[in-house]
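Q: Dumping what TrEMBL says about this protein:
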REPEAT    84-118  repeat 'PPR'
REPEAT    186-220  repeat 'PPR'
REPEAT    221-255  repeat 'PPR'
REPEAT    288-322  repeat 'PPR'
REPEAT    390-424  repeat 'PPR'
REPEAT    492-526  repeat 'PPR'
REPEAT    594-628  repeat 'PPR'
REPEAT    629-664  repeat 'PPR'
Amino acid sequence: MTRTIDHGSFSSGRNEPGMLYLCLLRACSKNKDLCAGTRLHAEILQNGLFEKNLDITRSLLSMYAKCHEFRKAEALLYELAHRDVFSWNVVIGGYVQCGRSNDALKLFNQMRLEDCPPDKVTFTSILKACSTLRDLSMGEKIHDYVARRGLVSKDIILATTLLNMYVNCGVLRKAQKVLDELPSRDSFCWTTIIKGYIGIGQYEYALKCFKQMRDEDISPDTVTFTCVLKACASIGALDKGKEIHQEVVSLGMLGKDVLLDNALVDMYVKCLALDKAREILESTSTRSITAWISVIEGYFKNYEYESVISCFEQMIDSGICPNELVYIFVLKACGSIGAYEKGEKFHENIKGKHFLRNNLVINTSIIDMYSKCAAFTKAREVLEKQCDWDVVSWNALITGYAKHQKGDDVLSCYREMQVKGLVPDEVTYCCILKACSILCDLNRGQQVYDEVVRKGFLKDNSVLITSIIDMYVKCGELTKAQQVLKDHPTHNVIAWNALLSGYIQHGLGEDTICCYEEMLQKGLVADDVTFTCLLKACSIVGDVTKGKQIHEVISNKTKLSNNFVLFSTLVDMYVKCGELGIAWQVVKENGVSCVILWNVLITGYALQGQAQTSMSCFEHMQASGFCPNAATFSSLLNACSHAGLVDEGQNYFVSMVTCFGILPHLDHCACMIDLFGRAGNFEEAVAFTELVPSSNISAIWFAILGACKKWGSLTIARWAFHHAVQAHDTDIGVYICMGNVYASAENWEDLSYS
């Protein structure tokens, strides 16, 4: 191009020099070649073609606008003797395209001052500017102007731009009105309004618009499907998402557009259909790192840590290079399940990535992983090699020590932090308080409490308040724990649950119930942990009426079968309060069944002296497909012992060993000895003592002495007493039991002999 200009070929003798200039100016515009365009401008002026050829003038304006040389474009515009609407549109459109919307509006105002009537192209550009600036006022004025002239219904591009302006300004009501008034609507119009509803969180409306669009037989494009899948993901509309998936497949779009594929994967992830998301990911060729991250994050948030690791390994095998975020997820997953070898392998992989080697966030995640896997030597190695220390890295190590109940190491690490001049934060203090709980170090815990109060950390910090309450509870200072809640009121139910749990741990059922009443007065809403504590409190005090009230509240708030701990605690409460019929009914109504619940019922009937019902319950348990465990047989043998069912007890014991392969525990032997002892079969009872390890034998002698008291067998009692004293001579209970045997036999003379 430059060579042609230099040779002056345009003025030589060609018949159509203007046409050649037009072609070259368009080339300059396309390539954004401002230098060549400026030289062409000079030649055009030299050849006197500027004002003579309107097409050349317009092309010059367009070239400067496309090259973003607006100073020259405006200067050239004002040089024109006659500035028509096309000339104005070129510069205004250029401003809009390069994001200079304010300049576009200024030029538009100047155009109006010069009485140049704008056309639909002008309005389209200005509406785009209003959309970018969120200038609703100007946008509405333009809308009013074009509507009065009937331009909206005549031009789909203008109408769509108007629609988009209202969407960007968040005025969906007017955007919908524009759409409804259009004589014909295309995919772009519908997609614009769908995007708008998604942008303001009205996902149901977005899906309604999509349905209306399909009812009008308008075919969605990849952008439409991407938007609709986002709406499904946001409200967990899995069934609708599956419908969209099928439509995408039937139209042959799957695997053709990376954004659509990513949206499909993300929809399944957000709807918790994680395996389906992974299936889509594996079946498409457009596997981007975004889709991999979506699936890995989904598994992580759903606590499926093994799937996080396997998905990560599959990602690497697929040739995708993980970024920082992916490594953070997989390292946290390894730490959460103690996958030390995998974590170490991934650490080695990171060492080979230069861009991650000195990454503080990654290094902290590695320290956290090793700490949670109890590989503290490795964690310290990473920490000490780190170029920059910060409190977060040290917290990762301290948190690991706290998790593994290493209270002394937590405090030692804290002292190191102080020596290095690091200032502890709330996480650090939570770990120190947990260490004090582990060590039952009330004095240090009190010091930490005073320190966080002095630093002002307790203001609106429910996590730290909960840690302090838990520390006092573990140290047995329930009054001080209660005082913390009074001094630092919080509406966080977790802090209150910590106190409730403390009362339960110390067997204070009445205090638990009173604390709950106080919670309600303060407007707190109980959660499943709260209700679990309350039911345990009812069990402790035997208050079945209160237990029934709590049961009713729970039934109105949650589905019991979704929380096994809460459900089993409810059943246990009814059992311990003697309401076995209700306990059995609760199990049947909720359709939840497991060995633990069956054991609770069997034990309950045994404790109530209903041995036959207990055994019947055992038969139901097996018929339901559940295999009994050691605890089941402990309850059965106990029931037989108290009912004097010697043959049944023997049969259960033999069945336990031969049919279910359960080796006898101390409880089983004690029950059998008690069973034989209560029946007066002392030879069999004594024979069972040989099955019990010497370290656990003392409990057995008590069982035999108890049986001897019932049957007045002094010979066996003396033999058991002799062995009991040898096993545990400091236990005064042995002497009391022997004294009771003599008293029962009214043999006071031999009492002094023993």
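Here the Cβ of each residue, glycine as well, is placed from N, Cα and C on the backbone.
Please treat TrEMBL annotations as automatic predictions, because they have not gone through curation.
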Q: Which residue counts does DSSP yield for the repeat 'PPR' (629-664) in the helix, strand and coil classes, in that order?
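A: With helix first, then strand, then coil, the repeat 'PPR' (629-664) has 27 helix, 0 strand, 9 coil.
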Q: For the repeat 'PPR' (186-220), how many residues does DSSP put in helix, in strand and in coil?
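A: With helix first, then strand, then coil, the repeat 'PPR' (186-220) has 26 helix, 0 strand, 9 coil.
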Q: Looking at the repeat 'PPR' (288-322) alone, can you tell me the average pLDDT?
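A: Taking every residue of the repeat 'PPR' (288-322) together, the mean pLDDT is 93.
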Q: So if I exclude everything within five residues of the ends of the repeat 'PPR' (492-526), which remaining residues of that chain have a CB under 8 angstroms from its CBs? That is, six or more out.
A: 462-463, 465-466, 469-470, 472-474, 476, 478, 481-482, 485, 533-534, 536-541, 543, 546, 553
Q: By DSSP, what is the split of the repeat 'PPR' (84-118) into helix, strand and coil residues?
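A: Counts, helix then strand then coil: 26 helix, 0 strand, 9 coil.
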